[in-house]
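Here is the structure we will look at, set down as structure tokens.
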Amino acid sequence: MKLKEIDRTAMQAWSPAQQHPIYLATGTSAQQLDASFSTNASLEIFELDLSDPSLDMKSCATFSSAHRYHKLIWGPHSMTAGERVSGVLIAGGENGNVILYDPAKIIAGDTEVIIAQKDKHTGPVRALDVNMFQTNLVASGANESEIYIWDLNNFATPMTPGAKTQPLEDISCIAWNRQVQHILASASPSGRATVWDLRKNEPIIKVSDHNNRMHCSGLAWHPDVATQMVLASEDDRLPVIQMWDLRFTSSPLRVLESHTRGILAIAWSMADSELLLSCGKDAKILCSNPNTGEVLYELPTNMQWCFDIQWCPRNPAILSAASFDGRLRIYSIMGGSTDGLRQKHVDQLSSSFGNLDPFGTGQPLPPLQLPQQTAPQSVVLPLKKPPKWIRRPVGASFSFGGKLVTFENAKPQQQPGIDQQPQHHYVYVSQVVTEKEFLARSTQLQEAVQSEGFVSYCQKKVDMAQADFERNVWSFLKVNFEEDSRAKYLELLGYRKDDLKNKITSALNLNKECCADGELGEAPTESDVPLLNKGDEGQTAEEHFLGERAKDSKQETEDLGSERKTFNISVSGDVDGLITQALLTGNFESAVDLCLHDNRMADAIILAIAGGQELLSRTQEKYFSKIQSKITRLITAVVTKNWKEIVLSCDLQNWREALAAVLTYARPDEFAALCDLLGNRLESEGDSLLRTQACLCYICAGNVEKLVACWSKVQDGNSPLSLQDLIEKVVILRKAVQLTQAVDPNAVGALLAEKMSQYANLLAAQGSIAAALTFLPANTDQPDIVLLRDRLCRAQGELPAGQEAIKAPYERQPMPKDRAGPVAGQVPGPQASAQQYYQQGDKPPPPGFIMPGAINPSAPPQQATSPSYNMYSQAGTRPAYPQTYQTTQQYSFGTGETALYQPQQPVAAPASASYPSPASNTNPPYLPAAQPVPSPLYPGQPQPSPTSLNPASSFPPPPSGASFQHGRPGLPATSVAYALPTGPTGTLPAASDLPASQRTGPQNGWNDPPALNRAAKKKKVPDNFMPPVPITSPIMNPLADPQAQMQQPPAAPVGTPSFQPQQLSTGQQAPLGPYAPQALGPCVVPPTTFKPRTEGAPGAPIGNAIQALPTEKITKKPIPEEHLILKTTFEALIQRCLLSASDPQTKRKLDDANKRLEFLYDKLREQTLSPAIVSGLHNIVKSIETRNYVEGLNIHMHIVSTSNFSETSAFMPVLKVVLIQANKLGV
């Protein structure tokens, strides 16, 4: 778009790249006059200020000159650093003089601005250029083949590059080589260019166009390649730009023909060698890629010619153009908006006229009434592709899954004599792993879960633990997978049964000894202690005690039996008497109250037991209310089983004792709640140390959610290893809970889901996509987790189970593959598209859908197997991506015959109207009058209607060698061959024998014999008459071609109808084309003869080369199932290319490739290819599916270079053609 504008008819020169700010010098042109016809000349310097939105450029200085200029350049000689203007302005005058100006003095306003000047040339100096390696060297060219090399340090005596070229002519262009400093080129209007070597002082190469119509108006060296240059032609009869390589000067390397009239000036960008500016008499300014000839940008200009065009050295996106209308314009190739330009025009009009009548009446103008117009496009588009200076030389970006995507723009290597091929840009995808320890621990956890080695895993963690708390946690987790877990928990809390028993025994022995010491001073009475036998002295205290009880019981029994003693029942008024009276009357409650009143607690408890459970409970309460000791609360809880009170009221320092009591006495239904209650107290009321112990309570309770919450509070969860610590404990605890409690294994709380999502993100960032998907919660509707699951599934190439794909911001409509248009004259009925996507789910597929792997129609559809393990034990599986199927119907022939269930491959649009090879079958060649309807292939599938069986779709297709073309030569083949059955002789049935709905198009081919008159007298046909094979192409197929061998079993007996059209209702038409159902029977064609093709011109007499060979029935084997994808992928790719190709030559190549790939399919049927070739072909298919055709070509080259030529020579060349065309067409 246009940035600035100067109203001058002048030559131009940009300040060097080192100069800042940017200046533009203009000198009055010697070739034109301005609108005022002034003969004055001047030299001006303007400053480029892009921050100023106006179109005007600021004029810094003006120098009135006595010369007009043919060429003006600004050299970097004697440049100084900083913002001071420096360098030297070099001008070529009209009188043969070369003048050096000091731009700093011009801006300063000095009068003596000329550094030096010489008039050695005869005639105007039209060509000037500065050597970019030695900036003190300047080349100039003028009339009579004069070329001088000036040294700015010694400007007095110039040198010549050699003898003048003959014949003498004007020098219109001159340019120094951009790579070699001693090479100079000059060109003349006659079309000849001369390359000079200053070291030899002679011309080394002369380049000229053979048609002698080149009038050179521009010359430029390639910025990167030393041997290439371009020449522009001013001749309207040959408005071209020729690109030459000096190593091959016989003809141009490339010719750019974008202009319609002569080219006046060219300029090659030093910042990007793919940008070449050109302006011509067609009033166009074009920016082209000289390496490919493509026009990248056309500047919006007016209808005026431009005679000079230049790039800005400092800002490569800016250029200037001087036109014959007296304006010098500054443009940008990066696009922009033109609203400011239109506003400037409006402002200029307003400032000129104001709001008054311009005709002197002094009256204000009425408002201008204009019809409403649509606003023009105000945005100017930039280049088609970014220039090199804004392209990143390298780039890197992290993608999902921890992959680092990098690229680099390598400099292309120029090869002599070879057209520059499109540069291949490579993108490198690397897996970046930053947390190796994290991944190693995650792998160990997954292995433990998969092998269910939880005990050994926990024991390993216990051994590796350095902190006591970490060791306790893993010890508690380990107990969950062992028997008698509560006893093991007690042991971990310090309560071992064996140790406690030993302590009690020791305490009893100590008490016994104390009692024995007291008996030495006081003899026991007979009533207090029974006599001990001497033999009992060695017994233990317990045995002694039990023995005494037995003896007492025995003695009492003997006493009752031998002699009954009497006792007194006192009913006095004291406490004993009252108790006696209460007992005699059965009033246990009063008796207990009396005992409690008299502080006889043991008697009260014993009587309460006799009085029943209710009385015992009340007595226990009264007892506990009166008796206060250190263990009373504990005894109370033991007796009343009120452990919630203990958990809520115990001292938190005794949390271990409280947890031990819960482990010993709590019922299974209250155990988890009591552990949670104790954990909540520790977490909310305790200090930092006690808060960490709450995790042990939650582990005992199996409360994963609270364990996550507590751990998140007491631990640093910001590092990956800290999160790994938590996930290890969570996963192990969840597995323990699933084993010991009847809980939903998929139930996940919000906090746990968040942690699992973070963990899955970390795993995915390290490249463990499968593991991340395993740890991700399965049954949550949180948007972040749903999105992450979708991304993980897509990264693995599948869709989440029970979830539809998340829709993109825009809908991408897939183009149906393998779909041919209907034949002229046909009206296709309602058909399903050739490509439909089905996904296994609850809904049955449409009729005719063949489930993958379903051989028995009654068998249920197979589903993809789930992974061997899953952190959530999710039920169901994730189905794979929906597969592509061709909607088809499979039919059975004959009553009671079962249908053949074979998935039909997608029907490719015929490229040459060749029939596909029919499937092998032994069904009769005729259609029975009544056909059974096949059973549904899927439960709930509707039965197909009988009307779907039509004569066009019921007969098998002819063999692939029988190619019939109806129409003029060159017309594309149609799909009629897929719908029409064969006649008795292997040809199409006559038009009169077909139903009216099937008579399509002209029936005579390009080389068919004239049609016989129906009224002609019929001749008797002999019985052994052999009808000839119709000619179907200009040249017969060779005998060795497997495609030319037709399957021809013996002819049907006379009287057997080979074609019985089914009666159709009025207005009904048989569906034709490649979407009609096809029968699986073979084509019945009588034997015939073949005419082999011989070498020679088409149509030449063949002579005695005709042979009558009997044909045999040849049945091709099916392609193995694992290699069928090769055929479908290659055919689908060819069809996409055919749809995108526009030129006939490309289509012919693709048609030929489609035929010759049959050699590959035959080798696949015979399984004669080596495994390396087959594996390489499958890799090519993968690259085609990802549209990475460059990778496919690399694989192709590897296969060809490493395999036997005889194996691949039949099909690999055409496969390369297909890949190249696909890459070129971008399908």
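Note: Cβ is positioned from N, Cα and C throughout, glycine not excepted.
The repeat 'WD 1' annotation in Swiss-Prot covers 4-47. With a threshold of 8 Å between CB atoms, the same-chain residues lying at least 6 positions outside the repeat 'WD 1' (4-47) that come near it are 55-76, 79, 81, 83, 85-87, 89, 91, 93-94, 101, 103, 106-107, 124, 307-308, 310-315, 320, 322, 324, 326-330.
Here Swiss-Prot flags 64-111 as repeat 'WD 2'.
The repeat 'WD 3' feature in Swiss-Prot is assigned to 120-160. Computed over the repeat 'WD 3' (120-160), the whole-number mean pLDDT of the model equals 93.
What Swiss-Prot records for 166-206 is repeat 'WD 4'.
Annotation source Swiss-Prot lists repeat 'WD 5' at 209-254.
What Swiss-Prot records for 258-298 is repeat 'WD 6'.
Among the features that Swiss-Prot reports, repeat 'WD 7' is placed at 301-342.
Residues or ranges marked as repeat 'WD 8' by Swiss-Prot: 397-430.
What Swiss-Prot records for 804-875 (among others) is region 'Disordered'.
Taken from Swiss-Prot, the feature compositional bias 'Low complexity' covers 905-924 (among others).
Look at Swiss-Prot and you will find 905-1008 (among others) tagged as region 'Disordered'.
Positions annotated as compositional bias 'Pro residues' by Swiss-Prot: 925-945.
Residues or ranges marked as compositional bias 'Polar residues' by Swiss-Prot: 995-1006 (among others).
Among the features that Swiss-Prot reports, compositional bias 'Low complexity' is placed at 1040-1049 (among others).
The feature region 'Disordered' is assigned by Swiss-Prot to 1040-1075 (among others).
Swiss-Prot lists 1057-1069 (among others) with the feature compositional bias 'Polar residues'.
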Other parts of the chain folded back onto the repeat 'WD 4' (166-206), taken as Cβ under 8 Å at six or more residues beyond its ends: 123, 126-134, 137, 139-147, 149, 160, 212-226, 229, 231, 233-234, 244, 246, 249, 270
Residues in the repeat 'WD 1' (4-47) per DSSP class, helix first, strand next, coil last, are 0 helix, 22 strand, 22 coil
Work out, from DSSP, the number of helix, strand and coil residues along the repeat 'WD 3' (120-160). 0 helix, 20 strand, 21 coil
